[in-house]
Amino acid sequence: MKVAEVIVDVPTLQTNTPYSYLLPADLCDHAAPGMRVVVPFGKGDRLVEGFIIKVEVTSTAQPALKMVSGYLDEEPVLTPELLKLANWMAKTTFSFQISCLLTMLPNVMKAKYQTIATANQVLTDEKLRSKLPLQVPVELTKVDFSPAERRKIQKLRQQGALTIKYHVHNQARAKLITVLENQITDFTTVASQLRANATEQQKLLAYLKQHQQTRFVQQNLVQTAGLSRSAVQSFVKRGWLKKMMVEQRRAPELQQYVRDAAKKLTSDQQRAVTAIQAAITAEVSRPFLLEGVTGSGKTEVYLQTIQRALELGKQALMLVPEIALTPQMVRRVKQRFGTQVAIIHSGLANGEKYDEWRRIRNGAAQVVVGARSAVFAPLQRLGIIILDEEHDASYKQEDNPRYQTRSVAFWRARYHHCPVVLGSATPSLESRARAEKGRYQLLRLPTRINQQKLPQTQVVDMTKQAAAPTELFSEPLLTAIKEKLASHEQIVLLLNRRGFSSFMLCRDCGYVLQCPNCDISLTMHLDTKTMKCHYCGYETQIPKTCPNCHSHQIRYFGTGTEKAVQQLATLVPQARIARMDVDTTKKKGSLAEILRKFGQQQTDILLGTQMIAKGLDFPNVTLVGVLNADTGLELPDFRASERTFELLTQVAGRAGRAEKPGQVIIQTYNPDHYAIRYAQQHDYESFFRHEMRLRHLSGYPPYYFTVKLTVNAPQAREAAQLAFQLQEELQAQLAKTTILLGPTPRPIARINKRYYYQLIIKYKQDPKLHASLEHIQQHAQQISRTGVQIAIDPDPISFM
Ligand SMILES: Nc1ncnc2c1ncn2[C@@H]1O[C@H](COP(=O)(O)OP(=O)(O)OP(=O)(O)O)[C@@H](O)[C@H]1O
Ligand SMILES: [Zn+2]
Ligand SMILES: [Zn+2]
């Protein structure tokens, strides 16, 4: 007899303890850890999804155990490595194993639940009877029932008047197509067996003879070639064609990539490549920090180290921030490694993601490129892991499980004995500090490939620009734009905001249109002609009069990309301007299209949000303008300066990447701020020292580790009370050197009708911390029914 240990998916009763289930005899043989199963759970034996983490043989009878109901997979979807990783992740991120396991799989592999009720007798309640007619199975979630009706359904079920069944579906399916294989060797014999008037069959035979291939897609034969379906059928019957179902990839390689050979490395690149290759060959999990200025050729270093891994029969994982996963980047990797590459990005439909994932799982893909979640790609012979733009905030997952991609990458590298390369022009303070201490090996690319200097950067003090042509474009920037347009060079403009205006203000009474659910003003969107909340999605009409005093004196404040494009179009009507932000790139393929046009110089100016700051490599761009460098500097967050410095350095790096020298203009209201000064001088090193001093003085990372605890509830008082209670408990338990900040209301204190309080824990070493937080995690689970939530965020990306 075999018993499976299963981690079950029960949202209201999460636990890291597995449950034991008997394996039915017919399924016993191929049961293995990493497979998803359907199991009965709880009093009502409702069916839930679970993961087998262990299979054991037992000789003693176990009558008390429930039985596994069925499998969702033929083979394990998670490898032993990933099962182990989930265990570690649950512990270090204070989340439940089931959420870690589910995070590792494509979304579409999360099982779908259905609750189906069937009335066994005619129900007396008239309304209920109309919704649940006799003997008709009804999916309960698809029908509107009042709470009273729901209670009644439960009662009727106990009385036996109703049966309720739970279905668990696997949503993930491979796409299968019908393929016909030609079995005919002797066409003359077949022809002699066809009747003379069977014209459709004659046609089919002629077609098969004429096309020298052996396999035909049925749909193509019938629809494209216009052959008769019944003729095909009769050929199948007579054994001349063999029918088979073949899997078809949903995101096929449409583009033919021109193969691109390895470039001859510069001496700096060569030094880096040699060091990393040596670690791959020696199979040691050494971390490298590749600090290379913008345009220094970091990508080529990645590609040539990946090449070495492949030569040794190993695989490679390359992670990039979602917004840097541009068609340009994808092309570079595919040109080098062709069809061995699998790409995972948010632009893929669920089915396409599933197909790519399976190409990785079954070993067809050797190189995986993707954003954060690709760190769980089920590669089994990892030879190298690369994190490009390692400083990027998107590497931290903000929801449960709150993992840091970097840490997961290091865990996997230790498992596979392979090196990790963290690459950036502006490494995070944490990584750079570790390199300083010798924990990472620092590799430098201090100069640009083209031997050009980094672009000349001018800072424009906007407080002295009262007579500027518009509030967004200063005289110096406008002059530079006109010059570049005249010489047919291209321009990138950064506006770190989205939407049209930040907020609407009544000039008579000072009323600001706020989200009814959140403590934040609504943002105006011209494309949808609505005011939107960026936090909860609330949307309403743009008011023509003040909702408070009915005055017509309404003004829109702040700026967005739409408004910037409008202003620019009036200033330089001859320019062809493309806007790139969340709104214009939402549609599938639209980002690729914007970049293609810009690359082919069908547009002159690319104006966008921070998504234009990373990775773009266009040789004809000679001017970069930052319209408002200050957005973000005032945020109540200890990383505000670091983020600003990064953004400015990265975007400045888009200029002058080829023969022509680049120029950068930064408009700011804080021209003397050190983040802006050092960005102007392209001086990462001085910024690093300056910022490290400040972090040291104020006791922030990397000098301290931090954990953010957030409590939220429908009532402010409830949230505050619990936050203070947690603070007291922690104070009593934790080390004397550990510092607790707060509780304070979160900077945006209310989101989606819930109130937020937060507490920051700063520590250097605290042996009691882990147990205390695990205790809070358990407590959170217990009180979640009361509507109060606690979130534990280790190494939070911000304190906001
Ligand atoms: N050894 C080389 N010889 C010739 N060209 C090279 C070499 N290495 C890289 N390049 C080219 O130099 C340009 C800049 O390289 P790449 O985009 O990799 O820089 P990067 O360091 O990733 O910059 P960023 O951080 O700004 O994205 C690219 O067009 C690339 O093809
Ligand atoms: Zn809102
Ligand atoms: Zn008003």
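Residue positions begin at 1 at the first shown residue.
Cβ from N, Cα, C; glycine included.
The structure displayed is predicted, hence computed values, not measured ones.
There are 12 other Cβ atoms within 10 Å of the Cβ belonging to Cys549 (Zn(2+) 1 binding site). The DSSP secondary structure for Cys549 (Zn(2+) 1 binding site) is coil. Look at TrEMBL and you will find Cys506, Cys509, Cys546, Cys549 tagged as Zn(2+) 1 binding site.
When secondary structure is read from DSSP and collapsed to three states, Cys518 (Zn(2+) 2 binding site) falls in the coil class. Under a cutoff of 8 A between CB atoms, and with a sequence separation of 6+ in the same chain, the neighbours of Cys518 (Zn(2+) 2 binding site) are Cys533, Tyr535, Cys536, Tyr538, Ile748, Arg750, Ile751, Asn752, Lys753. According to TrEMBL, the Zn(2+) 2 binding site annotation covers Cys515, Cys518, Cys533, Cys536.
Averaged across the domain 'Helicase ATP-binding' (279-445), the predicted model reaches a pLDDT of 93. According to TrEMBL, the feature domain 'Helicase ATP-binding' maps to 279-445.
According to TrEMBL, the domain 'Helicase C-terminal' annotation covers 541-695.
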Q. So, in DSSP terms, is Cys506 (Zn(2+) 1 binding site) helix, strand, or coil?
A. strand
**Q.** Listed in sequence order, residues not in Cys506, Cys509, Cys546, Cys549 with Cβ within 8 Å of the centre of the Zn(2+) 1 site Cβ atoms
**A.** Arg507, Asp508, Gly510, Tyr511, Pro547, Asn548, His550, Ser551, Gln553, Ile554
(Q) Within a 10 Å radius of its Cβ, which of these binding-site residues (Cys506, Cys509, Cys536) has the fewest neighbouring Cβ atoms? (A) Cys509
(Q) Any of the binding-site residues Cys506, Cys509, Cys518, Cys533, Cys546, Cys549 with a C-beta atom under 6 A from ligand 2? Give them in order, or none. (A) Cys518, Cys533
Q) Using an 8 Å cut-off from the Cβ centroid of Cys515, Cys518, Cys533, Cys536, can you name the remaining same-chain residues around the Zn(2+) 2 site, in sequence order? A) Pro516, Asn517, Ile520, Leu522, His534, Tyr535, Gly537, Tyr538, Ile751, Asn752
Q) Tell me, how many other CB atoms lie within 10 A of the CB of Cys515 (Zn(2+) 2 binding site), whichever protein chain they belong to? A) 25
Q: Using a Cβ cut-off of under 6 Å to any atom of ligand 3, determine which of the binding-site residues Cys506, Cys509, Cys515, Cys518, Cys533, Cys536 qualify.
A: Cys506, Cys509
Q: In whole Å, note down how far the CA of Cys515 (Zn(2+) 2 binding site) lies from the CA of Cys506 (Zn(2+) 1 binding site).
A: 16
